[in-house]
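Heads up: the structure comes next, in structure tokens.
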């Protein structure tokens, strides 16, 4: 049996719409991501467990794990009969790279089980293609960090899919999932088709400034550049509380930045002072979480990405 874990991720990181993404890991050592277990069988089967498995499609053909299995077999020209178990630990349509977790975990597991017929680049391109079946367009800002770990700059149109961006060791990321769904399709539908020239210039300056600051270890500049003028002004209205209200309350409690994780509704809060984390988490728990499905996790950067947990 092969068991693979794929971590949750924060896409966009505020300033990098469809361009930045990072894998995250809870600092308490728990796992925040999906697990896939596969073993040889006489016929294909797929079963799902985990806290959020009830959110998955009922029809097998609509399950992204099944679609990944079918596509993998198609590429290799051979049908592999496997028993697959999905542990669905990331809520669907949460902004934490839920579909990427499942896609990355199953493709890494299948590739390893079958003797690694696909190399890293081939796997990554396949992951992006399968992600496109969920979101409607091929993109890598979740699958790339989920697969390879770290913070990633996506250069999709340059034939160099991603590059590693260094981060800051003392940064901690509070992620707050309110317990409601916002699909990527709905979240994208509220964005304008065109942006003002001034917004485009400002966005370019913030993004390039952030990447430069990370490489040159200028923390103050990186924080100043974490501004989202592409998505936040339009998506914030979909959330239980507008991000401006969240920002006001968490900044006065010691946070250094906050933003939308992916398409939302999860928000991230960035801190470099560990003493303020408890107060900020308490506020988010009281005012942002909407039901018992919501949760808050204190995370750091996950530099490992997808990994094999069991191989026997």
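The backbone N, Cα and C atoms fix where each Cβ goes, and this holds for glycine too.
Owing to the predicted nature of the structure, the values given are computational and were not obtained by experimental measurement.
Among the features that Swiss-Prot reports, ATP binding site is placed at 91, 92, 93, 94, 95, 96, 97, 98, 99, 100, 101.
Taking Cβ-Cβ distances under 8 Å and a sequence gap of 6 or more within the same chain, the neighbours of residue 99 (ATP binding site) are 64, 92, 131, 134, 135, 142. All chains included, 30 other C-beta atoms sit within 10 angstroms of the C-beta of residue 101 (ATP binding site). Here the binding-site residues are 91, 95, 97, and the one with the most other Cβ atoms within 10 Å of its Cβ is 97.
Cβ environment of residue 93 (ATP binding site): 181, 182, 183, 184, 263 lie under 8 Å away, each six or more residues apart in the same chain. Those same-chain residues not listed among 91, 92, 93, 94, 95, 96, 97, 98, 99, 100, 101 yet with C-beta within 8 angstroms of the centroid of the ATP site C-beta atoms are 8, 90, 142, 262.
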